[in-house]
Amino acid sequence: MEFVVFADHVGTIESIDADIERCERVAELLAEAEDELSVVVRFLLGRVFPAHESTKLDVGPRLCYEALARAAGHNVTASDVEERVASEGDIGQVAESYDLGGQQGLGAFGGGGPETLTVNEVRDSLETLAGATGEGSQETKRDILFDLFNRAEPEEARYLVRLVLSEMRIGVGEGAIRDAIASAFDVPVDAVESALQVSNDYGLVAEVARSDGEDGLGTIQLEIGRPVQAMLAQSGAVTDAVQDWDTVAVERKYDGARVQAHYDGDTVSLYSRNMEDVTNPLPEVVSGIDASLQAPAILDGEVVAIGEDGDPRPFQEVLRRFRRKHDVARARENVEVRFHAFDCFHADGDDLLDEPLVDRHDRLTAVVDPSDHIEVSQLWTTDDPDKIADIEAESLEAGHEGIMLKNPESGYTPGNRGQNWLKRKPDVETIDCVVTGAEWGEGRRANLLGSFELSVRDGDGYATVGKVATGITDEELDSLTERLTEYILTEDGADVDIEPAVVFEVGYEEIQESPTYSAGYALRFPRFLGVREDKSPADADSLERLERLAEA
């Protein structure tokens with residue numbers, strides 16, 4: 001499929017307001033695709049690689065501005081592109097407006113290929129771009145982007161640049177893709193959903209649905225080394241849990257980072273909540289699991305920082321380990337960690353997703369032999385609220401965050417935030433916000449970003465809820481400035497617009513209605529608690545949750 005054909009379809013899809021009609025048009029595109037079907041599916045979601053792969057393009061807006069300017073000709077600079085994006089708000093619209101093409105390239109990416117781009121060729125070029133590392137990698141990436149833009153028609157450029165920045169913004173989410181796969185290849189939505197839960201690969205599921213139908217989808221199983229989305233929890237009350245389930249399964253709630261552990265009998269792989277590979281930063285967890293497991297398994301749990309006395313340490317200390325790519329030994333000297341396994345959804349060849357929680361926990365205790373760096377979380381079952389209160393008090397006394405309330409008969413549903421898992425925390429509520437802007441400081445902090453603009457998810461976009469400057473140390477300001485600079489979209493004096501990429505955990509006193517921010521609410525006395533390394537912008541809190549918190 002030529003990329004211009006894909007872009008034409010996407011342009012039509014973007015213009016449709018009705019969800020049903022939009023889904024029908026997506027289904028038409030999937031039915032038309034040939035060997036590029038899996039690529040088309042991922043591109044529609046703004047992805048180049050399957051969600052479970054840790055490969056990233058690692059391209060910021062500035063690199064796109066430079067490549068676009070070069071493809072647009074000598075009279076256009078990267079600053080010109082940046083100014084237009086600031087004015088018009090959509091880099092895709094800006095890219096579409098330029099008369100691209102015909103500029104002379106450099107090196108291997110100088111436009112030596114055919115003029116017409118295909119979907120697979122775009123994929124191949126972006127895979128090459130993602131593989132560029134080390135000295136000269138930025139120039140290589142810029143050359144690859146230039147070659148793509150230089151050969152793109154206006155509408156192709158619109159969606160190409162959005163794809164590179166993972167911002168398709170066409171109103172098509174995972175639910176729409178799921179429904180479109182079912183419609184395009186005449187298979188039940190439930191069968192598609194089940195296959196997605198165990199594979200987390202929309203491209204693969206689309207291909208199997210087309211080639212083998214419902215029966216083929218039923219053969220897709222969990223695969224060790226291919227992470228799935230974590231099952232999530234809502235906030236809830238003990239009384240509701242007892243009333244709804246009669247008997248409640250209770251666990252400690254750890255102040256750590258979610259980790260999925262995969263063991264194939266020889267090799268241990270660890271994945272964060274975002275499904276990023278975090279094996280290398282956590283060698284003691286790897287060795288602990290390798291020594292503790294006697295058969296292949298997939299475990300869900302939390303990695304918690306521990307002090308010399310073995311007691312849990314604050315969440316931020318765990319994140320120091322997650323971000324460490326080099327000199328892990330030194331980081332380990334400062335922050336030791338322990339893996340608390342609380343679920344098992346594959347053991348010794350058996351997929352356990354549909355098994356009740358209490359049975360999965362029995363398998364967990366059977367496959368894990370606890371050691372210094374791996375423990376099995378204790379599971380209590382009770383219908384007595386007083387007993388639950390005692391467990392909560394014990395958990396807090398031990399330095400943990402609170403308790404989890406779970407339906408003992410529930411299965412494990414990847415990516416689902418339903419009513420079967422409830423989190424109860426007695427502390428002040430926090431909210432996870434996306435950073436969408438900032439201000440340059442003054443005086444000695446003139447070269448540092450501060451007063452960060454906070455937003456929550458609102459459909460395909462974001463709604464602002466306030467700014468935070470309190471609770472950030474000088475060391476953290478240095479680190480945040482270095483990190484966020486590559487995501488700067490535009491600057492206007494001291495004000496900076498930032499591509500949504502980093503999630504802050506923010507504490508607050510209360511939520512008030514406010515016309516000042518686009519969410520219609522404002523956080524009162526917000527305080528920075530840390531960066532959620534385990535969350536992407538898609539995992540940040542939503543406007544819907546903000547509204548629920550405001551009403552509580």
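Using N, Cα and C of the backbone, Cβ positions are placed for all residues, glycine too.
No curator has checked TrEMBL annotations; they are predicted automatically.
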_Given that TrEMBL assigns E251, R258, R273, E302, R417, K423 to the ATP site, pick the one from F315, F322, F342, F452 that the record assigns to that site as well._
F342
*Distance between F342 (ATP binding site) and K253 (active site, N6-AMP-lysine intermediate) at the Cα atoms, whole Å?*
10
*Going by DSSP, how much of the domain 'ATP-dependent DNA ligase family profile' (330-458) is helix, how much is strand and how much is coil, in residues?*
32 helix, 56 strand, 41 coil
_Coarse DSSP state, helix versus strand versus coil, of R258 (ATP binding site)_ = strand
*Counting only other Cβ atoms and using a 10 Å cut-off, which of the binding-site residues R258, R273 scores lowest?*
R258
*Maximum Cα-Cα separation in Å among residues E251, R258, R273, E302, F342, R417, K423, which the record lists as binding ATP*: 19
*For K423 (ATP binding site) and K253 (active site, N6-AMP-lysine intermediate), what Cα-Cα distance in Å is obtained after rounding to a whole number?*
8
*Protein Cβ atoms within 10 Å of E251 (ATP binding site), excluding its own*: 22
_Using the alpha carbons only, what distance in Å do you get between K253 (active site, N6-AMP-lysine intermediate) and R417 (ATP binding site) once rounded?_
16
